[in-house]
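Here's the structure we're looking at; comments come further down.
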Amino acid sequence: MEFKVSGIKRGSLGDGGDGAGVSSRLSFYQNSSDVDVSLEDFEQFALDRLRVLKGIEEARSRGRKQEEVDTLVIDLWRKYMRTPNAADLAAKDMISHFVLRLAYCRTEDLRRWFLGMETALFRARFRAEPPDAQRKFMEDQKLPYKAISAAEFASVKEKLGQVARSMNQPVPNVDHTFYKVPFEEVPELVSARRVYLQRGFAFVPRDQLASIVVGQFRTRLTKALALTSRLWTTTIAVEEKDRLTPIVEALSMRYLGADYSQPSKGSVGLQDLDNLAKMSFPLCMRHLFFNLRHDHHLKFGGRQQLGLFLKGIGLKLEDALSFWRSEFTMKMSVEKFDKEYAYSIRHNFGKEGKRVDYTPYSCMKIITSTPGVGDHHGCPYRHFSQENLRVVLEDQQLNPRAVEAVMDKVRNRHYQLACGTAFEAIHGCPSDGINHPNQYFEQSRRALQGDEEEIPPKGLQSGAVQGVSSHPGESTPLPVP
C-alpha cells in the first residue's frame, strides 16, 4: 500500500524554501519532498529516527558532556538511519523528520521535547561536517553571516585575545575567521562568556559556528511546529483519519524496547508476590499492589496495569485468577467476582474475545495515562504531587541526596530517568535505563541475584521498607497522590 508524501505536503508541511531538498546531507527541513513511500516505511523510518532522539534524551539527562553526546549521536545515526543504498539516506532523513514532526506537533510538551532533541541532533551532525561543507551549507541556506574583514579583525584583535586567554585558548591571529552576528542569536555563547560583544554584536570564531546555525535551525523549527500543529488539527488529522492518523498518533507513545508479553524466565508463584513487590517492583506497580492488598479492590485502569505486569513477570492464568479472587472476595461474593471480573483476567491472557495475548504496559503508556479520582494507576513520578512523591521516596528509605536527585529529574519532566535514579539508589548499581516496568523488575532480579534477604541495598537506611508493615502478613498502602 503506497501513499505519496507530496499529498501530505500540498504546500502545508513546508514553511519556506531551503533549496536543498532530499539531496543535501543537512537540511533545515523547510519543505517536504515529493516521493512515494509505503506505509510500512512511513512508520519504520519514523521509529528509526525516534530511537536516535530517545538516545539523545537519555545521554543529555544523564549529564554527558557535549563532546560525548555528539559522538553518541553520530553512532546512533549510523546505526539506525543507515539504508541499503547510501543515496536513499537523505530521503529517509527528510521523511522521518516530517513524520515525527506530525507526531510531536500536537501538544506543547511534545513540541518542546521534539524541538530539543532535533536541535541536539542537528548540532551534532553540523559539527561533524568538515569546514568546507559547513560553509557551503550556510551559503545554500542563504544565512546572512559573513566573515569580518582583516581591518575589522585588527580593530578588535586585542579584545578577542582577552576572550581566548580567559578560556586558555591560543590567541587568534589574522588567519582565524570570525563572524559578526547579533548577540541574541548566540545566547549560549554569551552566557558562557565565550565571545566578545561590541555594540550589540558578538564576534564568533569559526569553531563556534555551530551555535549560529543551530540558533537558526531552532527558530525555524519552532515556527514550523506551530504551523504544523494548526494544519494537523484543521486538516490532516481529519483527511487521514482512516490511514495515517492512527500511525502518527501512536508514534509519540511508542515503546521501542523488549517484548514483555511473555515472561523471560520461568514463572512466579502466589507465595512469591509479596516479597517480590517489596524488593523488585517499580514504584508504579508497588503502589498498585499494596493498595490492592489494603483496599481489596482496584478500578479497571489499575487492574489492567498491574494485571498485565504480573502476567509479564511470570504469573500464570490460574494463579492470577486466584490472586485477584482472594483479594476481591474480601468485599464481595465469589459469584460476583466470577461474573464481573474473571472474564477480563482471562481476556488479558488471550483466553477470551479475540484471543489476543495482551502486552504489559510500557512506561510511556503509563506516563500518558490520565488517572481519575479514586484511581491508583499511572506513573507516581508523573502523577503524584511532589510532596507526596517525596514522602513515598523517604518511606522507601532513600537517603536525602538520592531523594533530591530523583526530584530534580521529576521537576525537569524526566520521569523514566527519575525511576532509574531511584532504582540505582535502592539497588546500589547502575541502571540500564528504565523504559518498561517489567524491565525494571528484570534488572532488579539480576541486581539482587535471587537473594532478597541479604544486605540492604546501598542508598537505603535502616528501617522498614515502604509499603510493608513490620508485622508479617500485614501491609499498608502507599500515600494517595
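Just so it is clear, glycine is given a Cβ too, placed from its N, Cα and C backbone atoms.
In TrEMBL, annotation is done automatically, which means it is predicted and not curated.
Now, the feature entries from TrEMBL:
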type	residues	note
BINDING	CYS284, CYS363, CYS379, CYS419	[4Fe-4S] cluster binding site
COMPBIAS	463-473	compositional bias 'Polar residues'
DOMAIN	275-441	domain 'DNA primase large subunit C-terminal'
REGION	444-481	region 'Disordered'
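The record gives CYS284, CYS363, CYS379, CYS419 for [4Fe-4S] cluster. Within 8 Å of the mean position of their Cβ atoms, the other Cβ atoms in that chain belong to PRO282, LEU283, ILE366, ILE367, PRO380, TYR381, ARG382, TYR415, GLN416, ILE434, PRO437. For CYS419 ([4Fe-4S] cluster binding site), the same-chain residues that are 6 or more apart in sequence and have a Cβ closer than 8 Å to its Cβ are PRO282, LEU283, CYS363, CYS379, TYR381, ILE434, TYR440. Within the same chain, residues at least six positions away from CYS284 ([4Fe-4S] cluster binding site) with a Cβ under 8 Å of its Cβ are GLN305, ILE366, HIS377, GLY378, CYS379, PRO380, PRO437. Per-residue pLDDT, averaged across the domain 'DNA primase large subunit C-terminal' (275-441), gives 92. Within 10 Å of the C-beta of CYS363 ([4Fe-4S] cluster binding site) there are 23 other C-beta atoms, taking all protein chains into account. CYS379 ([4Fe-4S] cluster binding site) counts 25 other C-beta atoms within 10 Å of its own C-beta, drawing on all protein chains shown.
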